[in-house]
Amino acid sequence: MTTVSGTRPVVGVLALQGAVREHVAMLERAGARAVPVRRPAELSEVDGLVLPGGESTTMSRLLETFELLEPLRARIAGGLPAFGSCAGLILLARQVLDGRPDQQQLGGLDVVVRRNAFGRQVDSFEADLPITGVPGGPVRAVFIRAPWVEKAAGGVEVLATVPGPADPDTGPDGPRVARIVAVRQGAVLATAFHPEITGDERLHRLFVGLVREA
Ligand code: GLN
């Protein structure tokens with residue numbers, strides 16, 4: 001099963017929906033050999049897996065259609081390093097708030113996420129975020145109908161937060177709750193934002209490092 005060739009680990013990108021090409025390009029720049037994954041046989045060949053953004057309810061359905069749901073759950077439970085962005089974070093979470101009742105979870109992250117958490121007013125936004133474990137200054141983070149992590153268990157390391165939306169009761173000048181938007185639990189990494197579209201491969205480098213360690 002292990003297919004590490006030299007020091008270039010093989011990292012899959014779940015290719016059911018979303019920015020697959022962008023993740024492949026970033027992983028290659030970060031020192032991995034990147035391959036799209038659509039079938040169980042392809043999944044069994046990878047040393048790590050990226051779950052891109054998209055629509056978590058659709059991706060959940062496609063995982064079932066492509067017969068990837070159970071094999072992927074099993075590999076994640078077995079310690080497969082995984083990196084989820086946005087919808088990928090939602091899929092990896094133990095529990096989803098504001099999800100669809102039939103949407104499936106992969107597990108891997110002992111967190112509760114809230115879908116579309118930032119609300120309509122701030123549907124999409126960008127921020128420069130310092131991220132624990134990412135050297136070289138803040139990362140430009142692009143949020144698109146993003147979730148946040150509402151609760152994280154003790155074993156989950158919070159890597160980044162952003163100020164949440166204004167509270168209607170206290171208005172725009174009131175206090176803002178810091179919302180968790182990047183986490184790591186062992187070899188599982190996840191961001192509420194899209195790290196693949198800014199040309200900055202530092203988060204992919206962090207992930208490829210986790211894959212090498214695993
Ligand atoms: N809102 C989407 C969902 O629920 C996630 C958005 C994204 O991946 N950019 O899956």
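Heads up, the Cβ atoms here are built off N, Cα and C, so glycines get one too.
All annotation found in TrEMBL is predicted automatically rather than curated by experts.
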Matching residue for the L-glutamine site, where TrEMBL names Gly54, Glu55, Ser56, Ile144, Arg145 - out of Arg29, Arg114, Arg115: Arg115
Rounded Cα-Cα span from Glu196 (active site, charge relay system) to Arg115 (L-glutamine binding site), Å: 20
Filtered recorded positions, from Ile144, Arg145, Glu196, whose Cβ is under 6 Å from an atom of ligand 1: Ile144, Arg145
Between Cys86 (active site, nucleophile) and Ser56 (L-glutamine binding site): CA-CA distance (Å): 8
Residue among the recorded positions Glu55, Glu196 whose Cβ has the most other Cβ atoms within 10 Å: Glu196
Cβ neighbours within the same chain of His194 (active site, charge relay system) - under 8 Å, at least six residues apart: Ala19, Gly53, Ser85, Cys86, Ala141, Val142, Phe143, Ile144
Where Ile144 (L-glutamine binding site) sits in the secondary structure, as DSSP reduces it to three classes: strand
